[in-house]
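For reference, the structure is listed below as structure tokens.
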């Protein structure tokens, strides 16, 4: 079919080098953030400042006592960091037990396919050749599952540590102006983005090379066992997203309802007992959960592409460079994101509040444009001019430029989804302003307008996803869809940097309020937070869009592996699966919403109790019991994350074993179609309600001022809308994209067992 311009050795060097560059860049960014000192003595030593611009002058201008403020910020940061670390360790202990049990299950199910035989077997897609035994697939799938789970945990934990390290530093930098604070928050986000992207790539590359020592020329078996990596990543992401989401929203709803609505005190007021739990929640839900989630998407899209490639001409003819095409795209993505990050931190300086959001949007556009060029070069040098791709039993001839278009369409569909999400969730545009305006007549009309906005916001993203599916499948079958998903995730480092920036800025605002810093500093952190809120919604849009493409690619790989020739929705076996699968996202959402509601109920009661029983709490002379609120959130989230997690993890196993692969294919299709719609509408509804509240609070325009100020009936109606939207945008919505991916990748991993021993009920009857 033709050779490639990039030799195999070049590909083997390029991938780890790019990953190491990514890790090195993240460490450089971390060192730059660490220059902001959290000790008063260091600040005073630096009082000379560069350009004669001294810190002591800034402090006088802001009318704050430097020593007291820095110490207070350090103390609050320490409390948030300890709370977040404690929660994650507790969560990982429980999830660790679940993962160990599931790893044993993988080994037993896959090992039993050939009766735990150690003899070689005919290859699945070429019966004339002998491949490694099913027992080997069982062992290596279990190892890659544990590897993916560990990398996912590490991604989330490191992200949380970086965010809690940077939050108080962002607050202190806000004294020097909004530009300095923005750079600190964004650099911290970049540390997480690059560490995650580079670690995910490096661990996967090392695993492939180690597994190859045993598998040799059996590339089909090698890449089938690698799918466990994606399963491990998404399994941990599910518990991280659900557990973290319940934690953060229980605290947030409790703090808002009692603090803002009942007691008329500002957000993040130190008198509010739930304020530390609320700030801890931003880190364990929005940072650790999101990090694990996007790592899972990246791992699964890579695994889906590699599985399909291994049974195409790349795998059959043992062409290493084209085989590693998905990893080369991710490698180039790291270099592109590195260059893009410099535009935000070094090439352009932010001087005013209104420049923040455009700077973040520029990141998305620059990374997409540069990545398009990068993908064109990679497709030219790493692919032969013509090759064949496995397409449900036949081999489809594909040209290298067609594969470039597949990746490109995914990349640009991601940008479109991002901008549509921004339009529907940013308070700079009419949809959110209309929601804010509806608060004039109370919370009920606010809720009605918000729900309508969420449903409407689904339309364009679904068309973008549908178009990218049609184009990529037409050109390169299921492999095209897998690389389209990878295209959407190729700028993951920039996407994560923008995403992590939001919760860091949110925490910075909370610390400024709790430390008693001036109103001007709070205004600056609020401006950073408002922009971060929109970018967080954009990040969720990317995650949901890529999840749709990833799960469809995994679905295609599952259908191929389970030897299903056609999925016919008119057969009862498939249709019952389809309708049950479409119901699952509703069942899952009901469980997560109820969990947040019951945890928030306990939190509200505790916060009310403290306000009513602690003498001098409202006057500021009494001290709230922060630890008790942290304990309520921790206990509730650990207890409540198990049932939704079990629902997602056990459904494919139960359906596959009892009803067989055809019914399971229906379940996967139903969950995908229904889950994407609910996830987009839930995330955007919640984001719109949140920004409608911030629009009224900021009072920047004449219209916004007519709805305010804080504490007015309009504002209270907006706060109620925001609290309803909290579990939608931060618990149920983001967790649904993991549901559709996780069920698909789990079905793929267990496909050999289901194909051999599944459908017990249909066999009996």
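Positions of Cβ are set from backbone N, Cα and C atoms, glycine also.
Same-chain residues lying 6+ beyond the ends of the transmembrane segment (13-33) with a Cβ under 8 Å from its Cβ atoms: 6, 162, 165-166, 169, 184, 187-188, 190-195, 197-199, 201-202, 205, 324, 327-328, 331-332, 334-335, 338, 341, 345, 493. Sequence annotations record features per position, and here TrEMBL assigns transmembrane segment to 13-33 (among others).
What TrEMBL lists as transmembrane segment is 94-113 (among others).
Residues or ranges marked as transmembrane segment by TrEMBL: 133-160 (among others).
Within its own chain, the transmembrane segment (181-208) is flanked in space by residues 15-16, 18-23, 25-27, 29-30, 32-33, 36, 144, 147, 151, 154-155, 158-159, 162-163, 165-166, 169-171, 173-174, 222-223, 226, 229, 233, 287, 291, 294-295, 298-299, 302, 306, 327, 330-331, 333-334, 337-338, 341, 344-345, 350, 356, 359, 492-501, 504-505, 508, 524-525, 528, 532, which lie at least six positions past its ends and keep a Cβ under 8 Å from the stretch. What TrEMBL lists as transmembrane segment is 181-208 (among others).
The transmembrane segment annotation in TrEMBL covers 323-344 (among others).
Annotation comment: TrEMBL describes 364-383 (among others) as transmembrane segment.
Proximity of distant same-chain residues to the transmembrane segment (403-425), defined by a Cβ-Cβ separation under 8 Å and at least 6 residues beyond the stretch ends, is recorded for 325, 329, 361, 364-365, 368, 371-372, 375-376, 379-380, 383, 431-432, 453-454, 456-457, 460-461, 464-465, 467-468, 471-472, 475-476, 479-481, 483-491, 533-535, 537-538, 540-542, 544-546, 549, 683-684, 687-688, 691. Taken from TrEMBL, the feature transmembrane segment covers 403-425 (among others).
Annotation source TrEMBL lists transmembrane segment at 446-470 (among others).
TrEMBL lists 476-498 (among others) with the feature transmembrane segment.
Feature annotation from TrEMBL assigns transmembrane segment to 542-564 (among others). Remote same-chain partners of the transmembrane segment (542-564), defined as residues 6 or more beyond its termini with a Cβ less than 8 Å from a stretch Cβ, comprise 124, 224, 227, 230, 290, 293-294, 297, 300-301, 303-305, 307-308, 311, 390, 392, 410, 413-414, 417-418, 461, 464-465, 468-469, 477-479, 481-482, 484-485, 488-489, 495, 661-662, 665, 668-669, 672, 676, 679-680, 683, 733-734, 736-738, 740-741, 743-745, 747-748, 751-752, 754-755.
Residues annotated as transmembrane segment in TrEMBL: 570-588 (among others).
Per TrEMBL, transmembrane segment is recorded for 647-680 (among others).
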_Contact set, same chain, for the transmembrane segment (323-344): CB under 8 Å, 6 or more residues outside the stretch_ = 6, 11, 14-15, 17-19, 21-22, 25, 29, 183, 186, 190, 193-194, 197-198, 200-201, 204-205, 219, 298, 301-302, 305-306, 309-310, 314-315, 359-360, 362-363, 366-367, 370-371, 374-375, 377-379, 382-383, 403, 407, 482-483, 486-487, 489-494, 497
_Selected stretch (most C-beta pairs under 8 A with the transmembrane segment (446-470)) from 94-113, 133-160, 647-680_ = 647-680
*Which stretch, 133-160, 364-383, 476-498, tops the Cβ pairs under 8 Å count with the transmembrane segment (94-113)?*
133-160
